[in-house]
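J.: The heme b b562 binding site annotation in TrEMBL covers H101, H202. Annotation comment: TrEMBL describes H115, H216 as heme b b566 binding site. Annotated ubiquinone binding site per TrEMBL: H221, in sequence order. As annotated by TrEMBL, domain 'Cytochrome b/b6 N-terminal region profile' applies to 18-229. As annotated by TrEMBL, domain 'Cytochrome b/b6 C-terminal region profile' applies to 232-402. Taken from TrEMBL, the feature transmembrane segment covers 48-71, 99-119, 131-153, 199-220, 251-273, 310-329, 341-361, 367-388.
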Amino acid sequence: MSDAGSGDAANARDKGGVLAWLDARLPVVSGFRKEYVEYRMPINLNGLWNFGAILTVMLLIMLATGIFLAVNYTPTAAGAFASVEAIERQLPSGWLLRAVHAGGASLFLAALYVHLFRGLYYGSYKRPREILWLTGLVLLLMVMVAAFAGYVLPWGQMSYWGADVAGKAVDAIPFIGPGLEHVLQGGDAPGDVSLHRFFILHMVVAFGVLGVVVVHVAALHFTGSNNPLGIEPRTPDETVPFHPYYTSKDALGLVLFGVLFAALIFFMPGLVFEAENFRPANPLHTPADIEPAWYFLPFYGMLQSVPSKFGGLLAAMGSILVLFLVPWLDTSPIRSARFRPFYRVCMGLLVLCFVLLGLVGRHHAEGGWMVVGRLAVVYYFAHFLVLLPLSARTERRIVLPDGIAAALDRDL
Ligand code: HEM
């Protein structure tokens with residue numbers, strides 16, 4: 001190092017110690033200050049804006065517990081079930097590790113759905129936040145893949161037959177289906193090779209989620225947060241610094257969510273486990289009832305409600321793919337459903353249909369449930385492809401308040 005260089009370093013050290021020295025070379029400290037201390041946020045965010053922070057913390061918990069589970073897990077058809085049993089019964093606190101990871105997956109997906117519907121309700125996907133929305137959807141797909149692959153790993157009856165149903169669904173895709181199924185399973189039925197592939201897929205995608213979250217949050221900090229009114233802050237008094245205002249609000253949200261998490265793990269540990277999955281995988285015995293984890297039930301309901309196998313797959317996959325088009329399907333100048341009476345009713349119906357489809361998935365789309373399922377599928381797609389573009393026409397004459405402060409003065 002040159003004399004001048006070492007002199008600068010010594011100066012920085014004298015002025016602010018090691019952190020200042022580090023910041024002069026890699027601005028982690030000032031960057032953190034800029035993005036998480038002084039960063040300006042709209043003053044009117046409600047509790048639904050806690051869910052991003054909740055998801056981030058949950059993701060870190062899932063990755064940490066996942067690493068400890070992985071080092072004790074055997075990814076072979078012969079050893080997987082027994083290794084999970086050993087984690088439960090022999091590994092010190094192994095039961096806790098597994099309960100946090102499996103219960104965490106359920107709560108993670110629940111928080112993800114709240115986060116997504118929050119975005120839809122308040123129009124957070126609209127210009128200039130399209131990239132933020134699209135990266136969110138990539139995260140949704142990745143989390144679903146990771147959750148599905150994780151469900152297969154204990155290699156119980158539900159794991160095995162769940163993988164079998166998914167393989168058959170992939171097989172129904174014309175032309176590429178059978179080849180794709182073969183790549184995924186490494187054979188004609190789930191087995192040793194499939195389990196190994198699912199294990200690797202689970203780990204790689206889960207850590208990949210962390211990388212995409214960084215891009216997601218970078219996109220958020222570039223555009224700034226939307227808010228329940230959907231009106232951009234115009235004056236400094238319509239914003240507050242992130243710290244202490246939203247650090248404390250996020251901390252409160254995290255504590256409340258943590259209480260719910262603890263209640264699930266310690267008082268209802270069986271809620272997220274299927275009884276059938278405590279039996280080792282048996283390719284010769286199909287369980288009476290094969291159904292996925294609750295968070296996939298709405299998509300399973302769609303799969304069953306459509307008469308053809310491929311049609312069902314198209315509906316289930318299309319229901320997520322259509323979300324990628326939402327920023328361009330909704331041309332209304334108004335963001336938040338708070339000022340969009342027609343859209344508000346449509347959103348209510350959308351949530352209702354999503355829940356109903358979950359029930360249809362659970363009741364196997366038979367009899368009356370089949371009718372409910374078909375109506376719900378039709379509404380789901382009509383919502384995005386017909387009603388959303390139509391709502392824009394009904395809203396051209398809506399007049400928004402003159403800013404966040406003016407709206408809050410009028411108790412809006
Ligand atoms: C691993 C999953 C995810 C993580 C960790 C995550 C994290 C975050 C964080 C920390 C925020 C800022 C706080 C907040 O507004 O709640 C945020 C905002 C946002 N996220 Fe996500 N997110 C995830 C998935 C998604 C998904 C699936 C979507 C939907 C497509 C999405 C769409 C958005 C939008 C639109 C915003 C901005 C909201 C606004 O300002 O109104 N995110 N996310």
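Numbering starts at 1 and runs along the chain as displayed.
Backbone N, Cα and C define each Cβ position, glycine as well.
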J.: Do we see three or more Cβ pairs under 8 Å linking the transmembrane segment (199-220) and the transmembrane segment (131-153), pairs being at least 6 apart in sequence?
T.: yes
J.: Measure from each Cβ of the binding-site residues H101, H115, H202, H221 to the atoms of ligand 1 and list the residues where some distance is under 6 Å.
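T.: So the answer is H115.
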J.: Give me the non-local Cβ neighbours of H216 (heme b b566 binding site): same chain, 6+ apart in sequence, Cβ-Cβ under 8 Å, ordered along the sequence.
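T.: The list for H216 (heme b b566 binding site) reads L132, T135, G136, L139, given in order along the sequence.
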J.: Counting all other Cβ atoms within 10 Å across every protein chain shown, which of the binding-site residues H101, H202, H221 scores highest?
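T.: It comes out as H202.
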J.: Counting across all protein chains present, how many other Cβ atoms fall within 10 Å of the Cβ of H115 (heme b b566 binding site)?
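T.: Taking all protein chains shown, H115 (heme b b566 binding site) has 20 Cβ neighbours within 10 Å.
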J.: Check the Cα-Cα distances from the residue listed as 'ubiquinone binding site' to the binding-site residues H101, H115, H202 and tell me which is shortest.
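T.: Of all the candidates listed, H115 is nearest in space.
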J.: What whole-number Å value do you get for the CA-CA distance of H101 (heme b b562 binding site) and H115 (heme b b566 binding site)?
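T.: Here the two Cα atoms are 20 Å apart.
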J.: For the domain 'Cytochrome b/b6 N-terminal region profile' (18-229), provide the mean pLDDT of the predicted model.
T.: 96
